[in-house]
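K.L.:
So Swiss-Prot has the following annotated:
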type: DOMAIN; residues: 7-88; note: domain 'Plastocyanin-like 1'
type: BINDING; residues: 22, 371; note: Cu cation 1 binding site
type: BINDING; residues: 24, 67, 432; note: Cu cation 2 binding site
type: BINDING; residues: 69, 373, 430; note: Cu cation 3 binding site
type: DOMAIN; residues: 98-225; note: domain 'Plastocyanin-like 2'
type: DOMAIN; residues: 318-451; note: domain 'Plastocyanin-like 3'
type: BINDING; residues: 368, 431, 436, 441; note: Cu cation 4 binding site
């Protein structure tokens with residue numbers, strides 16, 4: 001187990017910016033104090049203040065990432081974390097000749113003044129194998145990614161090794177990381193330049209929200225090509241899915257939860273003409289929910305309230321194991337599902353060591369990348385339509401399921417995960433589309449202390465930011 005102390009300071013006083021720092025996919029054993037989400041495990045770092053994060057690495061190995069965790073700050077405040085094998089060990093596959101981090105993100109027109117039209121290249125030699133560490137840091141979209149003329153072999157997801165899978169393209173959700181091997185196996189004398197391309201995947205009608213569906217590209221160029229032959233135009237990935245290609249997107253348990261994921265509305269005070277939030281249908285406010293509960297951030301962080309035993313009035317320990325208003329048989333339009341929701345700061349409390357199964361049921365018209373802090377989980381099942389608790393568990397993969405910290409749940413579909421609650425503390429679970437986090441598509445798991453000192457949460461650091 002490695003422990004690192006890293007000081008984060010907010011010196012942007014002129015912009016009155018507040019900062020929070022989350023290491024996405026780092027489990028932080030017994031140490032929720034340094035996890036980072038705003039008003040869940042700490043209060044914000046105010047301008048000109050600082051806070052020392054204690055980063056604890058345990059079993060993670062591979063590619064993770066870090067980002068701000070307050071509103072939309074992570075649109076630009078993010079970066080890669082690469083955790084190499086321990087000394088004396090190596091990858092569970094042939095060592096690549098080179099490693100290349102690739103960060104996929106979104107371009108926000110409101111934040112930039114000039115756009116430079118330039119292509120950035122990376123050179124490679126024929127016969128070499130390259131490990132591409134792909135990270136989707138975007139706020140709103142799953143991304144397709146491919147390299148023309150080459151296959152990709154997925155060897156790790158969210159810093160956990162997986163059974164190698166060779167594909168023409170990958171689909172990566174916001175918040176996810178994937179390590180993929182690229183073999184530079186084109187024949188000598190063929191084209192020496194190939195496009196590396198990324199394209200967003202959306203399920204909403206394109207005319208619903210103005211959207212630039214352009215494809216981001218970079219150029220992979222072989223450096224050992226005969227100099228006598230001038231380089232031709234790069235080849236484009238022919239198998240990169242279209243922007244709305246939905247087909248391409250597509251034990252023992254102590255605690256079972258069925259969680260409906262939905263985008264809905266909150267009643268709004270339409271008599272207040274200055275209320276800018278009342279922009280939804282019939283003057284309602286846009287919201288999002290888990291099990292018909294739209295999470296409301298408290299005035300003080302949940303972790304402090306739990307630690308001091310003062311949770312009363314801050315949160316309620318009655319997050320439902322099943323939807324409050326169940327909706328059966330979701331279809332493409334999901335007509336008839338409950339559209340109004342209610343606010344609440346409801347959390348789920350579990351005993352240390354509990355094996356938890358969560359089935360996410362997507363009722364909305366878009367995908368949702370669901371992320372759990374403090375844990376990695378097994379993705380044991382997926383399916384389209386309504387989850388059938390009698391039939392569908394028989395289809396679970398309990399032999400070699402992927403081990404991840406973010407799972408993408410397609411629209412009108414379900415995904416089942418399992419994890420052991422062996423990390424005491426307060427842990428945020430949320431959709432990684434930031435607008436949905438702000439709207440309330442989140443909740444909190446509180447894992448109680450175990451009986452031994454090694455199974456108990458670490459003491460509160462003395463320099464935690466004040467609310």
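Note: Cβ is positioned from N, Cα and C throughout, glycine not excepted.
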K.L.:
Can you list the residues of the same chain, besides 368, 431, 436, 441, whose Cβ falls within 8 Å of the Cu cation 4 site's Cβ centroid?
P.N.:
261, 263, 288, 369, 370, 430, 432, 433, 437, 439, 442
K.L.:
Checking the binding-site residues 371, 430, 432, which are within 10 Å of residue 441 (Cu cation 4 binding site) at the Cα level?
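P.N.:
Cα filter at 10 Å returns 430, 432.
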K.L.:
When you tally the Cβ atoms that lie within 10 Å of each candidate's Cβ, which of the binding-site residues (67, 368, 371, 430, 436) has the highest tally?
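P.N.:
Output for this query is 368.
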K.L.:
Restricting to the binding-site residues 67, 371, 373, 430, which ones have a CA within 10 Å of the CA of residue 436 (Cu cation 4 binding site)?
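P.N.:
Those near residue 436 (Cu cation 4 binding site) - Cα within 10 Å - are 430, in sequence order.
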K.L.:
Pull the DSSP breakdown for the domain 'Plastocyanin-like 3' (318-451) and write it out as helix, strand, coil residue counts.
P.N.:
10 helix, 57 strand, 67 coil
K.L.:
Any idea what the Cα distance is from residue 368 (Cu cation 4 binding site) over to residue 67 (Cu cation 2 binding site), rounded to a whole Å?
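P.N.:
Between the alpha carbons of residue 368 (Cu cation 4 binding site) and residue 67 (Cu cation 2 binding site) there are 19 Å.
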K.L.:
Give me the count of other Cβ atoms within 10 A of the Cβ belonging to residue 441 (Cu cation 4 binding site).
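P.N.:
27, counting other Cβ atoms within 10 Å of residue 441 (Cu cation 4 binding site).
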K.L.:
Determine, to the nearest whole angstrom, how far the Cα atom of residue 373 (Cu cation 3 binding site) is from the Cα atom of residue 431 (Cu cation 4 binding site).
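P.N.:
Taking the Cα atoms only, residue 373 (Cu cation 3 binding site) lies 11 Å from residue 431 (Cu cation 4 binding site).
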K.L.:
Mind looking up the mean pLDDT for the domain 'Plastocyanin-like 3' (318-451) in the predicted model?
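P.N.:
Mean pLDDT, the domain 'Plastocyanin-like 3' (318-451): 87.
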